[in-house]
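For reference, the structure is listed below as structure tokens.
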Amino acid sequence: MRTLGGFTFPCDAPVFVRVDFNVPMDEVGTITDDLRIRASLPTIESLLGRGAPLILISHLGRPVKNEQQGFSLKPCAERLSEYIGVNVPLVDFLDLDTKLYGELTRHLDKSGIVLFENIRFFAEETSKAQADRRILAEQLAPFAGAYVNDAFGASHRRHASVYELAQAFSNKAAGFLIESEMQAFSHLASEAKRPYTVILGGAKLSDKLRLIENILPTVDRLLLCGGMAFTFLAAQGCETGKSLLEESFIPEANKIIDFAKQNNVELILPVDVIEARSLTSPLGVVSKAESISYMGLDIGPETQSIFRNVIQDSKTVFWNGPAGLFENPSFSNGTRALLDALSSSSAFTFIGGGDTAAAVSLLGFDYGDFSHVSTGGGACLELLEGKILPALEVL
């Protein structure tokens, strides 16, 4: 994979930079967490500093045909303008014709940078038919002379702007964000100091099964929380009440438990939970994990203490998946306790993207409190599952 260190610019031709500005927004379109925009700045500022005219491409959300309201990248263009001190025009390029060349030239002559409107407004971007995606890539390619991918969070997709468009260029590279993400994953894979602890939460075991199978032989401790923990508790004969449970995966949970025992991996499950009658309950009660009557929605204080002690005794910690329903303040204490323990740890602390990264901001922590916070959710998991990311393979 070529990086920006070995990247050469075409004479006078713009450079496509595929960024990931898929940021959360509230109901009025205000960005609530701009981690992904800030993470793109080193690449953008470096290229601008070298005199390269930039055409940024990104997606936002999952717009459906003829429904574009709420999916415009305008707030992202405005936020990026604030960060780099240059007006970043948002260009609506739904008509890919010769008129666009003139519009792009005017904007690039003035600002040196533009942001194309949401690439997913083209149905071909996410089409399952490679021929459709290739058509879009072929329409876009003439507008630039080189291609840089810095959209780590989209690199597990075979979408036109990260896969087929990259294939259209011989002069291409990965941006600094992707480079830093891959360095962090390399650290986990080959340089992790021990004890090496992995914390996995989130809703379903089925979503993390391949990940667990891939990393279990390499770790010293596996801490399980969130909804997925109830499948393991049920496998051990615990009453899980109305908690999220994947009964069909209980045999898989038993296999993981047995493998951990045979390979001296310490597998730690919650010993107490915060349970409530519904997801919107204003208050939960502490219950022992083996006898839950209603819905377990967070780890309890005893489990928080156990997990905290394990983190303090670790040299490397990877965490993906919240400990509970952290969006509800009544069930956020477990996730907050893990963030607090990790932020004060001297270990190499890696926060897997998605909901876990969102919890950092929502619960009042700073991304700089941790060694690495990934900008990728699905991409992060697929790398840890041992998969090759398609968009990086074509770089």
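Each residue, glycine too, has its Cβ placed from N, Cα and C.
Some features that Swiss-Prot has for this protein:
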- Asp20, Phe21, Asn22, Arg36, His59, Leu60, Gly61, Arg62, Arg120, Arg157: substrate binding site (BINDING)
- Lys208, Gly296, Glu327, Gly353, Gly354, Asp355, Thr356: ATP binding site (BINDING)
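Features as recorded by Swiss-Prot, highlighted on the structure.
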{"residue": "Asp20", "record": "substrate binding site", "Cβ within 10 Å": "26"}
{"residue": "Asn22", "record": "substrate binding site", "Cβ within 10 Å": "20"}
{"residue": "His59", "record": "substrate binding site", "Cβ within 10 Å": "27"}
{"residue": "Gly61", "record": "substrate binding site", "Cβ within 10 Å": "13"}
{"residue": "Arg120", "record": "substrate binding site", "Cβ within 10 Å": "22"}
{"residue": "Lys208", "record": "ATP binding site", "Cβ within 10 Å": "22"}
{"residue": "Gly296", "record": "ATP binding site", "Cβ within 10 Å": "32"}
{"residue": "Gly353", "record": "ATP binding site", "Cβ within 10 Å": "22"}
{"residue": "Gly354", "record": "ATP binding site", "Cβ within 10 Å": "21"}
{"residue": "Thr356", "record": "ATP binding site", "Cβ within 10 Å": "26"}
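Between the listed binding-site residues, namely Glu327, Asp355, the fewest other CB atoms within 10 angstroms of a CB are found at Glu327. Checked against Arg120 (substrate binding site) by C-alpha proximity, the binding-site residues Lys208, Gly296, Glu327, Gly354, Thr356 yield Gly354 as the nearest. In space, Gly354 is the closest of the binding-site residues Lys208, Gly296, Glu327, Gly354 to Gly61 (substrate binding site), judged by Cα positions. DSSP classifies Gly296 (ATP binding site) as strand under the three-state reduction. Pairwise Cα distances among Lys208, Gly296, Glu327, Gly353, Gly354, Asp355, Thr356, the recorded ATP-binding residues, top out at 24 Å. In the three-state DSSP classification, Arg120 (substrate binding site) falls within a helix. Closest to Glu327 (ATP binding site) by Cα-Cα distance, out of the binding-site residues Asp20, Asn22, His59, is Asn22. Here the C-alpha separation of Gly354 (ATP binding site) and Asp20 (substrate binding site) works out to 13 Å.
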